[in-house]
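Asker: As annotated by TrEMBL, transmembrane segment applies to 6-33, 59-79, 139-165, 177-195, 202-223, 243-264, 276-301, 321-343. According to TrEMBL, the domain 'NADH:quinone oxidoreductase/Mrp antiporter transmembrane' annotation covers 25-287. The annotation domain 'NADH dehydrogenase subunit 2 C-terminal' is assigned in TrEMBL to 289-342.
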Amino acid sequence: MTPTAMSMFFTSLAIGTILTLSSFHWLVAWIGLEINTMAIIPMMTKTPHPRAIEAATKYFLTQASASALMLFSCLISALQTGEWGMNTPPSMMTNPLSLALTMKLGLAPLHFWLPEVLQGISLPTGLILSTWQKIPPMILLFQISAHISLTLMVILSLTSILIGGWGGIGQTQIRKIMAFSSIGHLGWIILILKFNPQLSIFSFALYIIMTTAMFLSLITLSSTKMSQISTSWTKNPALTTTAMLILLSLAGLPPLTGFLPKLLITLELVKQNMVIFATLTMLASLLALFFYLRLTYIITLTLSPNTHGSLTLWRTNTKPYVMYSIISTMALTLLPLAPTILLM
């Protein structure tokens, strides 16, 4: 793909996201989501492989279905209230609208497209799909958080945490593991959306930082399977150690960054007298902890840490990754800065 085409698609992604984030009109927000969808599909088919074409087709059909449900819900709501604004009183179509947005996010039980699509595309496009493409639907959910059903959000979040952990246990493809990791993390995020939207957005920002750092590690190591990442120590020991720590951060282990959102969300649930749900979410997250520790074990303990005989790192790209260093540092060390961040 030529640089001109790539710049055009990235510009369209930015325009669609900004249009959705800055709109107070449902039709304008819907148009921004459609621009985003149309911009990423050519990036998915950049590599003309049958798996990539299949992934792009599944993504298009799923997003088109969610967009149709969203537009239908907005039309019925406008017919009832006479307004297209996002600050209108809740109507009977709030739940279908919430389901359409969660389908775009890939939350369970509307998650079946995400692992297959992520498996069929390249790692850079998977990074965009797992982070950038989730920003507009998440912000729209944030804007209607006062009107959404608490029961619906709790059911979707608990289902997502369970499926995100259960689905990733038997996987050997790292992109599918990252897809189920995304489902589980988004389950934690929307669990608290009704009670504390600001904490939900803060947790979402930390999710984007940690997921970006993990995908950049995989891109640098050129690893898409467990068998490939198990031999990464001899390629780049420092990068492999960083990837291991980022995995532990995604698992939510202290004193890494990933522990912060789970701690704050659990405390908020206890404050809202939802101790049973807090206990269930923590128990369900143990499933995800298992496959994170499994990946960590494969990275660090299945191969003896012996360097190869070559004096040059000819197997990896040795260009300096300034952005990767910054994102990795944020993905590992933000927990001590939590009081300062929360006061900002």
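Glycine is treated like the rest: Cβ placed from N, Cα and C.
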Asker: Would you kindly list the residues that approach the transmembrane segment (276-301) from elsewhere in its chain, counting only those six or more residues past its ends and only Cβ-Cβ distances under 8 Å?
Answerer: 154, 157-158, 161-162, 164-166, 168-169, 171, 174, 177, 180-181, 184, 187-188, 191, 226, 229-230, 232-233, 240-241, 243-244, 247-248, 250-253, 262, 265-266, 269-270
Asker: For the transmembrane segment (243-264) and the transmembrane segment (139-165), decide whether they are in contact, meaning at least 3 CB pairs lie under 8 A, counting pairs 6 or more apart in sequence.
Answerer: no
Asker: Could you give the residue numbers and ranges of same-chain residues that sit at least 6 residues beyond the transmembrane segment (177-195) on either side and whose C-beta is under 8 angstroms from one of its C-beta atoms?
Answerer: 102, 105-108, 111, 114-115, 118-119, 126, 130, 134, 138, 141-142, 145, 148, 150, 153-154, 156-161, 163-165, 167-168, 171, 203-204, 207, 211, 214-215, 250, 261-262, 265, 268-269, 272, 277, 281, 285, 288, 291-292, 295
